[in-house]
């Protein structure tokens, strides 16, 4: 075989190439092992790189445009190309063109609709010679250099690889196939910031026959593409001037500045005085445990996929869903806004104290705080609005000042001055360390009250995560920056706590007279041992020492003004971080449109999409709270808001791990679901430790917002862990249920309802839903018939559309479409395969075929065979008849108009109908209803193109006005279709339990009366009996019903069921069946047999005579029904059973027609004759 070449016109090769089509290689296979297409032989290779890789794959094509075409390629051309593999540029291509003939194999070309008249070769001919190597099997390997446009003149064309649009389509394994190799750009969201989304070939393009267009436009999983040129232009424009921060500037600096607050300088020394060194370190360690666990959880969520702007809100909402995310987003943004006021007031108080010491107050203390606070927040707003780059520079300056202040304190501890000794500072002394090691709680302070005061100093760990949208690589930056910030700040807190505890005594007078000249022998305090007597502090109030002086760090430091600068730096940096965080979080929340009224704040401005409106709102909130100047009340609430966010971040990790979703794959591995759960519980405990009423208030606010968002049901799907856990729980319970045997006490009617499109028979859906809601399974079956290809497309679109319709109409039901050759096959598929485990249908519900007399009798035969099949599979059968009919598909828009709650005041709602005129021949509509009287326009194109399935797919706004009024019959049909959605009033449900089917005929009306809309209806039971035993039969039935614990208002025993019906009714029945009779007695035997074989639905004379009594019973029952039950809300009656093979379809339909005509809504019910009721406990 090595050197042989098969004949170029081989039929077998043509067939093989055609079969391979788009799914396998679309270029010529190498003639020998080691052969490969030439680099330059582009036309013969079958794929123009620019056309194929660029526009043909990135730009979505219209429905009418295929993305590939078939050309004939000569067999020898590939060989010619392969013989000269090293020729660069277009030379090999020219050689190959000469040998191409109009016979041989097929080749598939990608088509670029935008390419105009350019030939494929003009898009770029081949690879740079140096960039190609050939391996065994002809694999083409591209070097890095060959992927980029580069040198090489002489008119040579090169493959071009653009880093933004990724227009190079790799050669897969040495052959030009339509199949794409795995690459990151196929998995991007549309027009993602970091690169362009590419569309992989759709399954239809790879799988469908070549002579047909793919039915889809290549979008994967409902995503839409963006034309590459447009997206690229947008990206290129936006990318200039965008400021993105690394992990140090963006996360580490922010977190350190936010964690180091005023506490570090003016409260830490007091905490050491109260709790002692040991317990102070424990307080710091406990706070660190909570923040570290939260940091680990934050890192886990932040590394589980691309993180956008919105910080804590984004992390929580994408993990736990919009309900928790929406609640936390709002309070977290508000907490950050009020925190700005807190920090600014802290700064203003320090400034006012300095002014007071120097006698330079402007008005009085409170008003000075307001004036300075207002000026400060305006300056901070200016820095923020100037842009993130300026804000980041300001943060760096503030961090430097803060670090100098901490260094100033450390240096000061080593320089004990005699002048400071009277104020309690002696330098590092073992006596002071041992005295301060244990606690000395005063003024009703406890360990937990001290912890509550310190804990807010440990918060601020989300400062980096809050600006996640401004980070260059949030997945890497958030874990590194946050955890390192927690480590550094904790070490500094512990270091300062130990230092100050080892240098300064708890009480000091500040009076030089306290110095002891003569050495005392009975000293107990460290100060006494160091020749100072501060014992007077136990009787009178002293102003120095750890417990009395908040400015201990200033006193100890080498240069006191630097500590004041550190306090300014700590407060201003925290204020600045909060002022930036709040609008960013709020903007992300508003973009998601969870609270519709806040959408105006989603707008961003400038290169960085700055939320200027959010800045103004945050500024106004902060200014308001600064002017109130009573922050002692608001401070604990703010701390609790932050803690609620921490608790939910921890819980998110636990929840996502518990749900075992395959999408939960954090790159950060150092987390544990149980540790995260402990972290969440600790956060909740700390909330109560800090302030119990603030904790309760936080819970109430979060719960209130959660309930509001749950009620509003925002139309978002973020793949949350709540969704994953719901699935897991359902799966586990379904599997567990499958192992449990059915028991009569737990029987539920689980209905397969042959609705067709659910919204075309709303009365059928609503009535069945009335007795299955929260009780049993309800599946809406829809059988698509006709061309398989069209049906397959409809199945996928209808599944999403009609399931949404059911949910929107609060139907607890499932939609199950199938494709089948005819209605009977489809019904069999559904009855055998619908459901899961024990959650399988056991009752078939169909609408009565109202138009059976005018319809093709083969359809009637199919319809009746559904009943036979159901009984064969041990299903119960329910036939529902409304005298007006059930199918409103030809009035679809009017039905939507009645139920629409979304009318615009300025425009009228006008009908856009689903194309039922096509479907009447291809779905279940045909079998159950008369043909539509109106032809309706097709489904509008924009619906199909919309990424989301519209909530109301059948409505379109139009300003021209409503359509013509309905005729009387249509109006009645429309009214009847909504009758089961209304409260039923004080009326009766009449149960005609003539035959014992296991109790389903009685169970369904009982279930109806348990529902809110039907609870005022009374059950009346009608049974057959003998004239001379009426009382006995009534008592027997009353006993049975009381044993079943079913309430009834009356029992009627009918002794005259077997009376002959009225003559006119018999005549009407005979007239009805006349067109369907065979009249075999009037025909020759062989003609009659042939006719019966061809038309099995015909009624023979023998059959009519044999079943005369049964026919008369149906006519008589209709008379009795009209006499006794003409005013009932619903009649539930035993369905007559026709013996398979003995009773023709036409006679059976005539029975059902005669039995149920001209009556209120009728349910003809027949169980599977297995007990569904029991009186045993």
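Cβ atoms are placed via backbone N, Cα and C, with glycine included.
Residues annotated as compositional bias 'Low complexity' in TrEMBL: 13-23 (among others).
According to TrEMBL, the feature compositional bias 'Low complexity' maps to 34-48 (among others).
If you look up TrEMBL, you'll see 123-132 marked as compositional bias 'Gly residues'.
According to TrEMBL, the feature compositional bias 'Polar residues' maps to 925-935.
As annotated by TrEMBL, domain 'Amino acid permease N-terminal' applies to 162-213.
Confidence in the domain 'Amino acid permease/ SLC12A' (250-752), given as mean pLDDT, stands at 84. The annotation domain 'Amino acid permease/ SLC12A' is assigned in TrEMBL to 250-752.
Annotation comment: TrEMBL describes 761-1177 as domain 'SLC12A transporter C-terminal'.
Feature annotation from TrEMBL assigns region 'Disordered' to 1-48 (among others).
Summarising the annotation, TrEMBL assigns region 'Disordered' to 68-149 (among others).
What TrEMBL records for 214-233 (among others) is region 'Disordered'.
According to TrEMBL, the region 'Disordered' annotation covers 921-962 (among others).
Residues or ranges marked as transmembrane segment by TrEMBL: 251-271 (among others). With a threshold of 8 Å between CB atoms, the same-chain residues lying at least 6 positions outside the transmembrane segment (251-271) that come near it are 245, 280, 283, 343, 346, 350, 392, 395-396, 398-399, 402, 405-406, 450, 453-454, 456-461, 463-465, 467, 471, 477-478, 480-482, 484-486, 488-489, 492-493, 496-497, 500, 504, 546-547, 549-554, 563, 566-567, 569-571, 573-574, 577-578.
Summarising the annotation, TrEMBL assigns transmembrane segment to 277-303 (among others).
Distant neighbours of the transmembrane segment (324-348): 261-262, 310-314, 316-318, 368-370, 372-373, 376-377, 380, 466, 567-568, 571-572, 574-575, 578-579, 581-583, 585-586, 588-589, 592, 594-595, 617-618, 621-626, 629, 631, 634-635, 638, 641-642, 644-645, 648, 698, 701-703, 705-706, 709, 714; these residues of the same chain sit at least 6 beyond its ends, with a Cβ under 8 Å from one of its Cβ atoms. Among the features that TrEMBL reports, transmembrane segment is placed at 324-348 (among others).
What TrEMBL records for 368-387 (among others) is transmembrane segment.
Under the heading transmembrane segment, TrEMBL lists 396-417 (among others).
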Name the range, of those listed as 481-502, 559-582, 641-659, 671-690, that has the largest tally of Cβ pairs under 8 Å with the transmembrane segment (696-711).
-> 641-659
With a Cβ cut-off under 8 Å, give me the same-chain residues at least six positions beyond the ends of the transmembrane segment (481-502) that come close to it.
-> 247-248, 250-252, 254-256, 259-260, 264, 268-269, 271-272, 276-277, 280-281, 284-285, 288, 291-292, 295-296, 298-299, 406, 409-410, 413, 428-429, 432-433, 436-437, 457-458, 461-462, 464-465, 546, 552-553, 556
Using a Cβ-Cβ cut-off of under 8 Å, list the residues of the same chain that are 6+ residues beyond the ends of the transmembrane segment (641-659) and lie near it.
-> 290-291, 293-294, 297-298, 300-301, 304, 312, 315-316, 319-320, 324, 328, 331-332, 334-335, 456, 459, 462, 671, 673-674, 676-677, 679-680, 683-684, 686-687, 690, 698-699, 702, 721-722, 724-725, 727-728
So which residues does the transmembrane segment (277-303) touch in its own chain, when a touch means Cβ under 8 Å and the partner is 6 or more beyond its ends?
-> 268, 271, 315, 318-319, 433, 436-439, 447, 450-451, 454-455, 457-459, 461-462, 465, 468, 474-475, 478-479, 482-483, 486, 490, 493-494, 497-498, 501-502, 646, 649-650, 652-653, 656, 666-668, 670-671, 675-676, 678-679, 682-683, 686
Between the stretches 368-387, 447-469, 671-690, which wins on the count of C-beta pairs under 8 angstroms to the transmembrane segment (559-582)?
-> 368-387
Residues of the parent chain within Cβ reach of the transmembrane segment (368-387), under 8 Å, 6 or more residues beyond its termini = 243, 340-341, 344-345, 347-349, 351-352, 355, 361-362, 394, 572, 575-576, 579-580, 583, 606, 608, 610, 612, 615, 619, 622-623, 626-627, 629
